[in-house]
Amino acid sequence: MDFSFRIANKSFDFLIFVILSTLLTTIHASIHIYQNQLFNEVGNAYLLPGGSEGLYASLSSDNSATDGRSFIRFENITFWRTQDAADEQSEMEHSTGLIQAVIFAAADRNNIGGSAYGGQRSICCTPDLAKLEGCKQGEVIRIPSATEINWPMVFSIQFNGNDLSTQMNNAEVPIKKTGMHNLFFIACDPKLKGTVMSGKTVWKNPDGYLPGRMAPLMTFYVYMAIAYLLLSAIWFSQYMRFWEDILQLQHCIAAVVGLGLFEMILWYLDYSNFNKTGMRPVVTTAWVVTVGAIKKTLSRLLILSVSMGYGVVRPTLGGLTSKVLLIGATYFVASELLDITEHVGTINDVSGRARLFLGLPDAFLDAFLILWIFTSLSKTLEQLQAKRISVKLDIYRKFSNALAVAVIASVAWITYEIYFKATDPFNERWQSAWIITAFWDILSFALLCVICYLWAPSQSSQRYAYSEDVGEEFDDEEAQSLTRGQSNGDVSLVKQEQKNGNAAISDEEDESEEDKRE
């Protein structure tokens, strides 16, 4: 979600300032790397966003301690101005250009910048503001926090003479108060237009380098991995026990269960390494994201195939196979692009605009799949009711109820997610934001558990399979009632087989025509 400095008067320049806060630099985990990053003009200032993270207050005040401390550290920060800007300065002058590094919490957002006579809000001090606010012209307007006089924190870096570059002294800022913290590099001098910066900053929480929003997810993935492990143990024990009676559909379920366990383990390992080292290798995260995209795609295709009656009402998907594979491939690409944008190389606790735009195709495909699933499920239920196959009909009714509950829960959660983001423009509820991500994993796991329960491997698995035999048309009790009252048993059975044989042929023709229509 975009972080904003928007205040009551909602000035245009300050809104641009907010937008730029999401255009974050090239980064690797909690070590933010800046490689010749250009300052952007916003209002009467030039800005370079340095990062936004949820940080907890330090548990220890001992600077020599490794654990328990929370800080932002500047390392090798160097600024280069243009040659023209340097040539305008005298070699003998001492201060020929000022750049300031500003650290502030979301709660103190109104302490940066000011407005003269209720007009347009400015980041840098102007002559009018110097008279009204008492700020120093040419510097960032800073109003001390009501609870901490030294906060927001401002560091000043000066160019000397006609030097092309200047370097910031390495410094470490201890975090004494829990909150969403933001870092900006700001230049108020118009002559510093075109200035670029290189270097890095290190952000650390008391328990490691994970940003505050991501930290709870590491523990969450441990519990999810345990849950998938228990489901895998139960499923695969039955899977191996009744191997000879396994249906094709149950092979697909086994693949999704295995991928789910693998994905949760990979996410935990990715976050654990991230937390320990502060680095998030792009290749490793890309593999984790790819496994997750494959699992999500197979999960949706599994639900679609079950809804179509694959392996239960029809032996194959027939003419629909190519369409199912096409929607699967499309969904995989959309999901992969979205997850790569959201996770690979990402550390800041502020969501970017790219995620919004890439999320639209993903949401559209999900909506299309839901429509297709329920349409197919309705046709499957009609076929089972027409054929009076009570055992399969009962399973599909339970599956349809579970799917309806999942869709209702999804719509409700999406509504809550929109409300959550709309009412928290400054990301001040970052400590509970992880629940938004966790819900979808929990819902997916719950629906998978329902499918595993309904189609659990057993010695009677084949009774749920597609069959052209007589037993496909009626359940055991109905067959017994039909044959019990016949005096000429052999002749009656032959007639019944002929009748059912003709019905089976008719059903196959109907299914073939249905596939063509779809």
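Cβ coordinates are placed from backbone N, Cα and C, and glycine is handled just like the others.
The annotation compositional bias 'Polar residues' is assigned in TrEMBL to 480-490. Annotation comment: TrEMBL describes 506-518 as compositional bias 'Acidic residues'. Summarising the annotation, TrEMBL assigns domain 'GOST seven transmembrane' to 216-462. Sequence annotations record features per position, and here TrEMBL assigns region 'Disordered' to 477-518. TrEMBL lists 220-237, 249-269, 281-303, 315-334, 354-374, 395-414, 434-456 with the feature transmembrane segment.
Among the listed stretches 281-303, 315-334, 434-456, the one sharing the most Cβ pairs under 8 Å with the transmembrane segment (395-414) is 434-456.
Between the transmembrane segment (220-237) and the transmembrane segment (281-303), fewer than three CB pairs separated by 6 or more residues in sequence fall under 8 Å, so the two stretches do not touch. Counting Cβ pairs closer than 8 Å to the transmembrane segment (249-269), the top stretch among 281-303, 315-334, 434-456 is 281-303.
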